[in-house]
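Asker: Annotations per TrEMBL:
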DOMAIN    B:522-645  domain 'STAS'
TRANSMEM  B:142-162  transmembrane segment
TRANSMEM  B:174-192  transmembrane segment
TRANSMEM  B:204-222  transmembrane segment
TRANSMEM  B:252-273  transmembrane segment
TRANSMEM  B:280-301  transmembrane segment
TRANSMEM  B:338-360  transmembrane segment
TRANSMEM  B:372-392  transmembrane segment
TRANSMEM  B:412-430  transmembrane segment
TRANSMEM  B:437-459  transmembrane segment
TRANSMEM  B:471-494  transmembrane segment
2 protein chains.
Amino acid sequence: MGHPTDAELETKEMDLRSMSNVQAEYVHKVGIPPKQNLFKEFKATMKETFFADDPLRSFKDQSGSRKFILGIQAVFPILEWGRSYNLAKFRGDLIAGLTIASLCIPQDIGYSKLANLAPQYGLYSSFVPPLIYAAMGSSRDIAIGPVAVVSLLLGTLLQNEIDPVEHAAEYRRLAFTATFFAGITQVTLGIFRLGFLIDFLSHAAIVGFMGGAAITIALQQLKGFLGIRKFTKKTDIISVTHSVFTSAHHGWNWQTIVIGATFLAFLLFAKYIGKKNRKLFWVPAIGPLISVVLSTLFVFITHAEKHGVEIVKHIEKGINPPSVNEIYFSGEYLAKGFRIGLVAGMIALTEAIAIGRTFASMKDYQIDGNKEMVALGTMNVVGSMTSCYVATGSFSRSAVNYMAGCRTAVSNIVMSCVVFLTLQFITPLFKYTPNAILSAIIISAVINLIDFQAAILIWKIDKFDFVACMGAFFGVVFVSVEIGLLIAVSISFAKILLQVTRPRTAILGKIPRTTVYRNIQQYPEANRVPGVLIVRVDSAVYFSNSNYVKERILRWLTNEEENVKSDYQTKIQFLIVEMSPVTDIDTSGIHALEELVRSLEKRGVQLILANPGPIVINKLHASNFANLIGQDKIFLTVAEAVAFCSPKLVEEA
Amino acid sequence: MGHPTDAELETKEMDLRSMSNVQAEYVHKVGIPPKQNLFKEFKATMKETFFADDPLRSFKDQSGSRKFILGIQAVFPILEWGRSYNLAKFRGDLIAGLTIASLCIPQDIGYSKLANLAPQYGLYSSFVPPLIYAAMGSSRDIAIGPVAVVSLLLGTLLQNEIDPVEHAAEYRRLAFTATFFAGITQVTLGIFRLGFLIDFLSHAAIVGFMGGAAITIALQQLKGFLGIRKFTKKTDIISVTHSVFTSAHHGWNWQTIVIGATFLAFLLFAKYIGKKNRKLFWVPAIGPLISVVLSTLFVFITHAEKHGVEIVKHIEKGINPPSVNEIYFSGEYLAKGFRIGLVAGMIALTEAIAIGRTFASMKDYQIDGNKEMVALGTMNVVGSMTSCYVATGSFSRSAVNYMAGCRTAVSNIVMSCVVFLTLQFITPLFKYTPNAILSAIIISAVINLIDFQAAILIWKIDKFDFVACMGAFFGVVFVSVEIGLLIAVSISFAKILLQVTRPRTAILGKIPRTTVYRNIQQYPEANRVPGVLIVRVDSAVYFSNSNYVKERILRWLTNEEENVKSDYQTKIQFLIVEMSPVTDIDTSGIHALEELVRSLEKRGVQLILANPGPIVINKLHASNFANLIGQDKIFLTVAEAVAFCSPKLVEEA
């Protein structure tokens, strides 16, 4: 080591001065917060867990009748915002509603195919649910109806149970059952304020899942797009590619391909225009309807259906028939419907809440997640009784809704009215619409779900997130939507478990000319204090990590002792544990600390604690641990702890 | 508010001085750690997760042949400690081994009844597994063999599948299959270094589970103790009580009760003596064997078996027959055996590791959890092939082993030899042993598993832990062992999920005459800085909590703004987020921060960050968030951040 330089001496002197300063004037006791009684503590925890958003805030200090009105308004927000509704707002909503209606009608017909249902069911699902949502929902921008991913998921899960072609009626009944339970799931999560459960699907997993689902959906469209009659029921890329190529010789229909390709090119071009000039957002929005009209006319005139171009053929006319009697409330399909509904309901919820939050933060209004779930759930329960399948918020249509200048949920009502008129009067005209057009519309719609930018950003920020993203993506593409979902959820959970099992620890050093102690890895200029090891534990100490934390600290100590030995420095005599980030500790944690003290004693090292939080200090006292190490060994800051150790060190050195 | 007092003015002046001091001299940049390459980073994470204890440490810088020897020694620690074994150590081990042998023989016979197996299988399991463990294990104090809780668990799970009386052969085969897979599970967890998984069963849950299991086991003994012939197969307290009382009139046998009660009183008295005087630990240790000998003699002489006193009747003579052929490696029982083995293996592991850790910390030596698992697993795999059922470390016998002065695992070898001799020569003598004695022995053994002190301590320290403890306890007592276990695991997980979903946040204030900022709830003397809100987030910000954290911060701000308004104080213009405890952030977290910035902008509040850690600062840069809020808005300490805000505030006020 040699002699210290002047600069070092100076630093040391300053340190000592500031230390003695600290000791002389500034020693503060670690505060012990007033003891709360058990009930109060429990109430506070419950409130923070389930009522974090303080939903009853506005009810405080109100009269009984006022509370009743507020309660009704809480369930039906339309009664609140409806009172200040005016013509200016309606103009925005009308235009937006007409735009999303023109977009949703062709999409609905296509999506119902993904769910293996007849085309009218898609339209049904764009009629009733938006009306319910408009009355109960709190998002102003979301566009309600069937969406691609949920349709595909529902279709896949349902056809695992019942063949949709051979047993069409039972299949449909199971679909309504699943929709019913999807709604029940959503309402239940909302009422019991368990909305936070959907947060367990991480953003990264959703990006991967959506991208994978988009590719799977696009691949499924090859059937309609190429005019293939015999097509695999599996959704993985290998089965589909195999199916496409084995049918290449005799299964493809060139007329279909020409029509499909032409209109796909048109749709993608319309999308491109909309992207280039944001004012022309309506071009891609009405593109699908124009394609449908033009292609239907074309087929009608040329009678292309006689040359193998598959057409829609038949859409039931009239509005939703009741379907309460069709729901399975008993028998083996009850449990299956419940299971499928649970999964589909959760995914639908995830999508709707994500959309709601995104647009709410863009226009800066608040969305109550749990209330939203009740609204979405109610709409699906009612939907299941009126021949609808699972509806939720659509990313693409909500974006169009927003750009078209919607002001309130009235745009959903407008869309619903247009769908109503369509069902009543126009459906027979879709007879000659070629399936290839629907496929082209779906392909152009789902392309947006593949979010390269997001994936790249995830890669940049967090590699583990990227693994989750890719896991979900490849799971969906190469196996199936369920497996992809399972992978996404598993990886998300694994990450949480890792977080609570292996918390980070850091060695702290003193930043020169301050009394601040920081991670020496991040601040290489920080100096270690001779004879003292300062470790920061970066997490609550719970049963899941208490052993690890104890062993990690001992390992830091062993490493340090070896270094010190080889450098002939002062032997480590004090271990300061900086507890600031330790927000809580449980019985296992206390046990681990006790074991730590015992091990340290054997090595002749004293344990000192710095800045335990309110809950931790209470528990250290309750468990008598504070007396075990000595009340005077707990300090407000690391600096004060060091000031306590350093003089004692000199004596022993 | 009125005019400030002199004291306040003084404080303010000091604050300003210290602030300007800080600003003038001490502004440090937040360190950005050197960027690691991806592979290095990945390697470090993997190492910390799976090789936290650095098991290959001793292999470093060694020659090839030395590495080989070290490798062999790592698998068979006996080769290492055996070389320094001596007579002094053997004396200790011999006495300890004889003591635990005398304790284990009657216990084994009783426990095998809990597992619904013939008595000799308990003895078999105390012969082979201890030998294997002695060669491979690293604990010096653990006593290996069948234990009450695992026997009960195995018995319950197995009889759900096969009736142990009607199909005894199949039942036994399934037991071996389960044992085989219990071993495989343990070895797998050890080899893949997943030992941390057992940490997910919290200490509190184990206390409750063990207590409940003890009561259940004691209740089961009423059958033998009261001489009841018809007894329920269920284990819950209600069924058992019902069964006991309905048989009261004609099913109880007074001779049995007299014998059982006498010896139970004797055993409990022996226990009491052992507790009073720690030197007499051998009294309770040999009590069971004495009871067996005396009661057997008594029955043999009086021929009490002819008066309805049930006796053991027959124990197979000779050592373990091979049972490889009996394991189900195919068919429906394969999956069932695997499932049961998985559960039993995990519970056995939890018990063994807990024992190993406890005694290792008492004698201050290290135990490698993952290596232990490999040893325990191997011993069960070999055991399943030699007619043993799941063996693990026994709490009661390990304590006796420790107190009898064992020095190494040789005490297990001694015990195993005694069991060998017993199997070869003495088993026929157990013919007249009354079942009531075995029941009395089991009751007096499991009483120790009920740990009131621990439960009271848990109540004092952590109420949530207490709920887990009681949940497991009542689940076992009132329903079944599986349900109790399920409740224990579920509550443990719920706690983890709660922790990661609802992290704590705190408002910080300045502690007078320092530059230290602390939670104002814990330190009521801490002063808020006018115009500035300082929030500390107490957890990593991940997808599971990012939304909550964002909304919670905004809610603090709303509250604070209302307070400020009603008090006519300076409007909040800066929000300082203290990031010290935020050890990591993922893409969802970055998104939440971006949304926070947007919301704050709308309210005219600037976001300032204090002390982001190494990983967080890297990600803030990678995601360009640092530029979004401005590089100069990130400070090393809260004090520096306040020093930055305060002058700007004055201009605007």
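Every residue, even glycine, has its Cβ placed from backbone N, Cα and C.
Set these features in their place in the structure for me.
Answerer: Under DSSP, residues within the domain 'STAS' (B:522-645) fall into helix, strand and coil as 63 helix, 21 strand, 40 coil.
Sequence-distant contacts of the transmembrane segment (B:142-162) (same chain, at least 6 residues past either end, Cβ-Cβ under 8 Å): 100, 104, 107-108, 111-112, 114-117, 122, 125-126, 129-130, 133, 170-171, 174-175, 178, 209-210, 213-214, 216-217, 220, 233, 235, 333, 336, 340, 343-344, 347-348, 351-352, 355-356, 359, 379, 389-395, 397-398, 400-401, 409, 411-412, 415, 442, 445-446, 449, 480-482, 485.
The list of residues near the transmembrane segment (B:204-222) in space but at least 6 beyond its ends in sequence, with Cβ under 8 angstroms from a Cβ of it, reads 114, 148-149, 152-153, 228, 235-237, 240-241, 244, 350, 354, 439-440, 442-443, 446-451, 454-455, 458, 462, 465-466, 468-477, 481, 484-485, 488-489, 491-492.
Same-chain neighbours of the transmembrane segment (B:280-301): 99-100, 102-103, 105-107, 259, 263, 266-267, 270-271, 273-274, 309, 311, 400, 403-404, 429-430, 432-434, 436-437, 440-441, 444-445, counting only residues six or more beyond its ends whose CB sits under 8 Å from a CB of the stretch.
Within its own chain, the transmembrane segment (B:338-360) has Cβ neighbours under 8 Å at 138-142, 147, 149-150, 153-154, 157-158, 161, 174, 177-186, 189, 195, 197-198, 201, 206, 366-367, 369, 372-373, 376-377, 380, 390-395, 398, 402, 482, 485, counting only residues six or more beyond its boundaries.
Counting same-chain residues at least six beyond the ends of the transmembrane segment (B:412-430), those with a Cβ under 8 angstroms from any Cβ of the stretch are 93-94, 96-98, 100-102, 104-105, 108-109, 119-120, 123-124, 126-128, 130-131, 133-134, 142-145, 292, 296, 312, 315-320.
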Asker: Residues of the same chain, at least six outside the transmembrane segment (B:437-459), with any C-beta under 8 angstroms of its C-beta?
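Answerer: Distant contacts of the transmembrane segment (B:437-459): 106-107, 109-111, 113-114, 148-149, 203-204, 207-208, 210-211, 213-215, 217-218, 221-225, 259-260, 263-264, 267-268, 271, 287-288, 291-292, 295-296, 312, 395-396, 465-466, 469.
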Asker: Report the listed stretch (B:252-273, B:372-392, B:471-494) having the maximum count of Cβ pairs within less than 8 Å of the transmembrane segment (B:174-192).
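Answerer: Checked against B:252-273, B:372-392, B:471-494; highest Cβ contact count belongs to B:372-392.
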Asker: Please give the sequence-distant neighbours of the transmembrane segment (B:471-494): residues at least 6 beyond its ends with Cβ less than 8 Å from one of its Cβ atoms.
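Answerer: Hits for the transmembrane segment (B:471-494): 152-153, 156-157, 200-202, 205-206, 208-209, 211-213, 215-216, 234-238, 343, 347.
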Asker: Mind looking up the mean pLDDT for the domain 'STAS' (B:522-645) in the predicted model?
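Answerer: Mean model confidence (pLDDT) across the domain 'STAS' (B:522-645) is 88.
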Asker: Who are the chain neighbours of the transmembrane segment (B:372-392) in space, where the CB to CB distance is under 8 Å and they lie at least 6 residues beyond its ends?
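Answerer: Beyond its ends, the transmembrane segment (B:372-392) has Cβ neighbours at 75, 112, 115, 117, 121, 124-130, 132-133, 136-139, 144-147, 150-151, 154, 175-180, 182-191, 195, 320-324, 327, 341, 344-345, 348-349, 351-353, 356.
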